[in-house]
Amino acid sequence: MIWFFIALIGPFLYALTNHIDKLLLEKYFKIDGIGTLVLFSSLLSALALPFLFLADRTVFSISAINIFALSVVGILNSLVLVCYLIALKNDEASVTVIFYQLVPVIGGILSYFFLGEILTNTQIIAMITIIFGTTIISFEIDVENKFKLRKKVILPMVAAASFWAIGSVIFKAVALEEDVWKSLFYEHLMLVVIGIFIFIFMRSHRVKFLAAIKNNSKAILSLNVLNESLFMLGNIIVAYAYMLAPLGLVLITESFQPIFVLIIGVFLTVFFPRITKEKIQTKHILQKIIAICITGIGTYLLFIS
């Protein structure tokens, strides 16, 4: 049972990073800032490498095939970030992250086919419930109380959830053979390589990256370092939890992330509206709560099964 509380720390830290991402997009990278943020995130992954090396100094004794597999995980994580930022740019953080609740559904299906994990009838019903919950938040309620499909959020977030689930399956398969520290080391190393590639070969992102540092160096660097530190810590905690319980069960704890994001979002909107401002009218809050509750029921069914 202790794995559940350990894994729960991850989504709380991720929730904090969601609001920092939104702040960065709205205040510092409002125009064409997604590529620049991906570049920041990738390069700052280098901060984790010394600590991961100290945690396991045998990181270089790993098979070539597993290095390749973890490199794929790093690429998938970059794709998750790109898709997520596209969605976040078009909507609120508390709406965007609800779609991450599809991760345990996709992860459970992949684990069934590739890791030999068993899905019970209860788990299948739970997955359908989670999908129904995310469907509720897929529609935006406008000022005239009409429903409009959130196309600019649904497509990128379904892609992000899929990439995340695939990466988690690959990560666990390698981590079970090697160990969690080696796996994290090469995952972050690949992210740094991706950042270097973007910096060297994508001139527009390089120019915006250097301009952002020049114009708002202190604020941008501070927020990005804090953001990446929280995210990396969350990754390490969740990765450790993967070793304590089945993948699908650990992934469902990440469905608590929308709850944390909503609570933080309401708090910031009420007390610190200059940082972020979400829609907190009754109809919007109710829609989010209903979606979270339904997906929460699905999460509970997965947990007890």
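Just so it is clear, glycine is given a Cβ too, placed from its N, Cα and C backbone atoms.
Note that the coordinates shown come from a computational prediction; the quantities given were computed from them, not determined experimentally.
The domain 'EamA' annotation in TrEMBL covers 2-138. Residues belonging to the domain 'EamA' (2-138) score a mean pLDDT of 87 in the model.
Residues or ranges marked as transmembrane segment in TrEMBL: 6-25 (among others).
The transmembrane segment annotation in TrEMBL covers 37-55 (among others). Sequence-remote contacts of a segment are chain residues at least 6 beyond its ends whose Cβ falls under 8 Å from one of its Cβ atoms, and for the transmembrane segment (37-55) they are 21, 24-25, 29, 78, 81-82, 85, 181, 184-185, 188-189, 191-192, 194-196, 198-199, 205-206, 209, 220, 224-225, 227-229, 231-232, 236.
Marked as transmembrane segment by TrEMBL: 67-88 (among others). Residues 18, 21-22, 25, 34, 37-38, 41-42, 96, 99, 152-153, 156-157, 159-160, 163-164, 166-167, 170-171, 173-174, 183, 186-191, 193-194 of the same chain lie 6+ residues outside the transmembrane segment (67-88) yet bring a C-beta within less than 8 angstroms of a C-beta in it.
The transmembrane segment annotation in TrEMBL covers 95-115 (among others).
Marked as transmembrane segment by TrEMBL: 121-141 (among others). Same-chain residues lying 6 or more positions outside the transmembrane segment (121-141) and placing a CB less than 8 Å from one of its CB atoms are 91, 95, 98-99, 101-102, 104-105, 108-109, 147-150, 153-154, 248, 255, 283-284, 287-288, 290-302, 304-305.
The annotation transmembrane segment is assigned in TrEMBL to 153-171 (among others).
Per TrEMBL, transmembrane segment is recorded for 183-202 (among others).
Residues or ranges marked as transmembrane segment by TrEMBL: 223-243 (among others). Packing against the transmembrane segment (223-243) from elsewhere in the chain are residues 3, 6-7, 9-14, 16-17, 20-21, 23-24, 28, 40-41, 44-45, 47-48, 168, 171-172, 175-176, 180, 183-184, 188, 250, 253-254: each is 6 or more residues past its ends and has a CB under 8 Å from a CB in it.
The transmembrane segment annotation in TrEMBL covers 255-273 (among others).
Feature annotation from TrEMBL assigns transmembrane segment to 285-304 (among others).
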>> If you count every Cβ pair below 8 Å, which range out of 6-25, 95-115, 153-171, 183-202, 285-304 shares the most with the transmembrane segment (255-273)?
In response: 6-25
> With DSSP, how much of the domain 'EamA' (2-138) is helix, how much strand and how much coil, in residues?
Replying inline: 113 helix, 0 strand, 24 coil
> Any contact between the transmembrane segment (153-171) and the transmembrane segment (285-304), i.e. 3 or more CB pairs below 8 Å with pairs at least 6 residues apart?
Replying inline: no
